[in-house]
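*Asks:* Before we start, here is the structure in question, set down as C-alpha cells.
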Amino acid sequence: MAANKDYYDILGVSKDASDDEIKKAYRKLSKKYHPDINKAPDAEQKFKDVNEAYEVLGDSQKRAQYDQFGSADPNAGFGGGGFGGQGGFSDFGGGFEDIFGSFFGGGQRQSPNQPRQGEDLQYQMSLKFEEAIFGKKTTIKYSREALCKTCGGSGAKEGTSPVTCHKCNGTGTIQVTQNTPLGRMVRQQTCDVCNGTGKEIKEKCPTCGGTGHTSQQHEVKVSVPAGVEDGQQMRLQGQGEAGFNGGPYGDLYIIFQVQPSDMYERDGSEIYYNQTISFVQAALGDEIEVPTVHGKVKLKVPAGTQTGTNFRLKGKGAPRLRGNGTGDQHVKVKVTVPKKLNSGQKEALKQFAKASGEEPSGHGKSGFFDKFMN
C-alpha cells in the first residue's frame, strides 16, 4: 500500500462513515471503474485505488491502524520521533498499547491471514396478518458479496494461482522499526504487499480485480414459522456474504414486518375482535356467527348481555411460537341501539316500557326511549 493516500477521499466517504457506508461506496466505485466496463485511461488505476482503500477501511483492525497514523505508513504518526509536535503523548492515541502489544504480547493476536467469516446481512420481509399466524413458504432474492465465479474466490487470473508473499514469506505480517519516545522499537504490522493474506497475486482476476468477491443476486427458500410477530427475526446460517481467506459465509437475518388487520388486534398468541349485537339480541339472547382467522364459529350470547362483555373462543388465536398449542380469540360485544323506529316498533317498546314500569316521561327528549322513538 502506498503512503499518504487518503482512503476516505478515494471512496468518497467521511472519516466517521459506518461499515455499511464504506461497503456501499466500494461496491459502487468498483463497478464504475472496473476495467472491463470503464475504458477510460485512468480507470484501471482508480479501480486499484478503490480496492486498496477498501482493503484497509473494510477491515476494522487495519482501519484503526490507518486512523491512528493518518496514512498507510505507520511511521507517519510519530512526526519524526521525540516528544515534539503539538500534542506530546496525546499524538499517539492508542499507539503505546499497539507498540507494547506487538513487542511483548503480539503472539496472542489473531493472525491477519486467518480465515474470517463473511459479513451478516439483514432482509426485511413484509407479512400479511394471516401469513404471520399460519406461516408461509416463499423464495426471496437479494444482492450479496459472493465468491467470484471466475476465480473461485482466489482473486487470481484464470489458469494462475496466488503464490506465497515474497515480502512476509506467507506470515501476513512484517517487522517495522519505529522511532518512539522510548527509543527505537520493532513492531509487527500487516504486510503491505499481501494485505495480511500471506498470498501474493501476480495476475489479478479481471472479474473481481483480485478481491475474490463480486456482487451477485442470490435466491434462498424461506419457511416462515407459524405464529411469528412483528419485529421478530429468523437467522439463516451461511446465507450472508462470502468470507475471507477461505472463511465461511456470514448469516442472513430476516426481520418480519407484520401488516395490521382491519378486523383483529393481536397480542402474542391472543387475538381480539369487536362484535356488535342488537339490543334485542342482548336482551333476549341469541346464537351468532363470529369471524376468526380459522373461519366462522358460533357463539351463544346469553340473555341480558351488556355492552363490554367479553367472550373467549378457545384455540381460535395464533400458534404459540415457543411452546405448545394455540392462543384464544377474545370477543368483546357492543350493544347497538337503532337510531330510527317505525310506528310498530315504537308501540312495542312503549308496551315493554309500561310492563317494566319505565313509562317514557314525555317531557322533552332526554329520556331513553325519546332518543330513538322521535
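Cβ from N, Cα, C; glycine included.
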*Asks:* For the annotation region 'Disordered' in Swiss-Prot, which listed range does it cover: 98-118, 203-223, 308-328?
*Replies:* 308-328
*Asks:* According to Swiss-Prot, which stretch among 11-38, 235-262, 347-374 corresponds to the feature region 'Disordered'?
*Replies:* 347-374
*Asks:* In the repeat 'CXXCXGXG motif' (148-155), how many residues does DSSP call helix, how many strand, and how many coil?
*Replies:* 0 helix, 0 strand, 8 coil
*Asks:* With Cβ distances under 8 Å as the criterion, find the stretch in 148-155, 165-172, 205-212 that has the most pairs with the repeat 'CXXCXGXG motif' (191-198).
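*Replies:* When the Cβ pairs under 8 Å are tallied, 165-172 comes out ahead.
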*Asks:* Residue list, the repeat 'CXXCXGXG motif' (148-155) vs rest of chain: Cβ under 8 Å, 6 or more residues beyond ends.
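*Replies:* Counting only partners 6 or more residues beyond its ends, the repeat 'CXXCXGXG motif' (148-155) has Cβ contacts under 8 Å with 161-162, 201, 204-208, 210-214, 216, 242, 246.
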